[in-house]
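Everything below concerns the one structure shown next.
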Amino acid sequence: MLFFVGLGLYDERDISVKGLEIVRCADAVYAEFYTSRLMGTSIERLEQLYGREIRMLSRSEIEGEPEWLEHARDRNVALLVGGDPMISTTHLDLRLRAIEMGIDTRVIHGSNIASAVPGITGLQNYRFGRSATVPFPHIVRGKRIVSSTPYNAVKDNLRRDLHTLLYLDIQDERFMCINEAAALLIEVANGSGDEDFASNLAVGIARAGSEDMCVRAGTLLELKTYSFGPPLHVMVIPGRLHFMEAKALRMLAGAPEELLSGYEL
């Protein structure tokens, strides 16, 4: 059987008791951290707490034809991933391939940023629209390309009074920060003639699940220069606010009263 074990948000202690029991009893334990990272720990600390040797898998060993998957035909194999396993389409694809191979699968869910953000900010979870990722700019034929997809997702959600959760890009050991994401969104907006976009309310969250988590609300322009500290970072662009959401942003994220006054439903 193949067990997908979610490790939670930040460090080795975020695993569930059920997940820990499965890891300790499995015949083999693997991990992949290219889809999501636990920034507050290391593979050595995971091995120490869990009492198991853990083999790290590369992207090709997950998305290609993984030889290790064959072991799950007649043994219990645990795959450790950050957050919740099935948030990533990569893991869903792997699970479906395993089922097609006749391998039984089981998912041990973990806390993830999508479910944590409403609790961190006080924004109601049912009022979030489509999420998006803010990617790093890339170069095509010598031209710098900035994706307009996250900006378009935000605008579409705002038209429907919905909040937008923005994931920030990860490339190897390079982590996008809130400041850069805010700057990229403003750049795309200005290029579209939407110069008022920088005045939108935004919420930055750094190191969710850690003891030194940073949560700050302000205009997008203000977040562009605010120091959030080390990664991982995510950002929320809220739509119109229920009065309880507005109160929560004041108390939990330091949102200025004058900024919130135009956002309440």
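Please read every residue number as a count from 1 along the shown chain.
Each residue, glycine too, has its Cβ placed from N, Cα and C.
Record check: Swiss-Prot places Leu9, Asp84, Ile87, Asn112, Ile113, Leu168, His233 at the S-adenosyl-L-methionine site, and the matching candidate among Ala31, Ala208, Ala255 is Ala208.
Counted within 10 Å of its Cβ, the other Cβ atoms near His233 (S-adenosyl-L-methionine binding site) come to 24, all protein chains included. Residues Leu9, Asp84, Ile87, Asn112, Ile113, Leu168, Ala208, His233, recorded as binding S-adenosyl-L-methionine, reach a greatest CA to CA spacing of 17 Å. Most buried of the binding-site residues Leu9, Ile87, Ile113, Leu168, judged by other Cβ atoms within 10 Å, is Leu9. Cβ neighbour count for Asn112 (S-adenosyl-L-methionine binding site) (all protein chains, 10 Å cutoff from its Cβ): 21.
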